[in-house]
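Visitor: Here's the feature list from Swiss-Prot:
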DOMAIN    19-94  domain 'ACT'
MOD_RES   S58  phosphoserine
BINDING   Y235, R257, T265, S336, I366  L-tryptophan binding site
BINDING   H272, H277, E317  Fe cation binding site
Amino acid sequence: MIEDNKENKDHSLERGRASLIFSLKNEVGGLIKALKIFQEKHVNLLHIESRKSKRRNSEFEIFVDCDINREQLNDIFHLLKSHTNVLSVNLPDNFTLKEDGMETVPWFPKKISDLDHCANRVLMYGSELDADHPGFKDNVYRKRRKYFADLAMNYKHGDPIPKVEFTEEEIKTWGTVFQELNKLYPTHACREYLKNLPLLSKYCGYREDNIPQLEDVSNFLKERTGFSIRPVAGYLSPRDFLSGLAFRVFHCTQYVRHSSDPFYTPEPDTCHELLGHVPLLAEPSFAQFSQEIGLASLGASEEAVQKLATCYFFTVEFGLCKQDGQLRVFGAGLLSSISELKHALSGHAKVKPFDPKITCKQECLITTFQDVYFVSESFEDAKEKMREFTKTIKRPFGVKYNPYTRSIQILKDTKSITSAMNELQHDLDVVSDALAKVSRKPSI
């Protein structure tokens, strides 16, 4: 045993030359914090370069070449993952990164508080708007956007979501969207949506003259399906967004689209989140469908995550379903867009049956109508098809969500799988006992 430990220690101290590329926001002190991680782990840096990110104008990419041992590299890799976006790691031939005894997999949150490490990796921050954004030249709007972004960036798991006093202009914009969409919902939205929307009006203040507070909405969802809301400053990467769903956490923007064009937004805003997503997150079957996509993404390859994100896009965002022999909408992108909601059920839109193997290859369009929409027989049908599809995703482990600790159980060996089976057996015993009692009950 001692010899084994010595061998493992020697193995972990093998040295080599490795290079890493990670991205940082262009802010004072960002690089110093990242390099301090190398210093604290006593890693010798051989070369450092910086360049402006080709993907995001507000970020810089840092290239680091270093002399490092296996143990140091594992530590630094996971510390950097918590503070930066690690783009690539070039390892010596004799190195492999390991985590909990597994071959290298992309970092993913193991407990709900770990979302603090990835919820702020937004693609745009605050007042950083593209030139074609309706609010690009509006300094007052940009300042307001930064206010909402700062609220989200300062949020930590367990905090109450700050209450916001919305401006008259924001409420008017919300009201315009709310009024027009509610004219279409009875003939376009699925029955589950129509069932939950009145409950949100009753318990969360969904009204034309009132923008609901995220804290109230989050508390409502917790009681209905166990989902909660977490404020976010803007777009997240597919991996970071889907990882939240694994914990039944929905990352939700709080800002309102620009008033100059209330029927268009190039990005998700609170109208999209609250009117498009929330009513169906209050539906148990749909909530389960969303969480299972999130769980499938944990530790998956970039290619697999992209496929899952595309399936999410064409179901949760732009999905159609059949009800009473007619097409109905359950996708949030459609339920929050007056023009595309009309178009999707106009009879002129191209519609195909939902098949994840085909859907995952379809191009996602952001600023125009989709070229095609996918229709599911039901949420259960979509869920079963996604379950079969996720079996094709290669991971050296399985995952199971523990709702009591709000953490992820990694099923990677006999011990962890046996533990999960014992929990399942207990649940089956409870159900079997209940069935036995019901069957013995005399009929009236």
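Note that Cβ sites are derived from N, Cα and C of the backbone, with glycine treated the same way.
How buried are these features, and what lies next to them?
Guide: Under the three-state DSSP scheme, S58 (phosphoserine) falls in the coil class.
In the three-state DSSP assignment, the secondary structure recorded for Y235 (L-tryptophan binding site) is coil.
When Cβ atoms from all protein chains are considered, those within 10 Å of E317 (Fe cation binding site) total 21, not counting its own. The secondary structure of E317 (Fe cation binding site), as reduced to three states from DSSP, is helical.
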Visitor: Given the recorded positions S58, R257, I366, tell me which ones have a C-alpha lying within 10 Å of the C-alpha of E317 (Fe cation binding site).
Guide: none
Visitor: If you count other CB atoms within 10 A of each CB, which of R257, H272, H277 wins among these binding-site residues?
Guide: R257
Visitor: Identify, among the recorded positions S58, T265, S336, the residue whose Cβ has the fewest other Cβ atoms within 10 Å in this structure.
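Guide: With the recorded positions S58, T265, S336, fewest surrounding Cβ atoms within 10 Å: S58.
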Visitor: Please report the distance from the Cα of H272 (Fe cation binding site) to the Cα of S336 (L-tryptophan binding site), rounded to the nearest angstrom.
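Guide: Checking the Cα atoms of H272 (Fe cation binding site) and S336 (L-tryptophan binding site) gives a distance of 5 Å.
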Visitor: Beyond H272, H277, E317, what residues of that chain have CB atoms within 8 A of the centre of the Fe cation site's CB atoms?
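Guide: So the additional residues around the site are P268, E273, G276, V316, G331, A332, G333, L335, S336.
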Visitor: Do you know offhand how many angstrom separate S336 (L-tryptophan binding site) and H277 (Fe cation binding site) by C-alpha?
Guide: 9
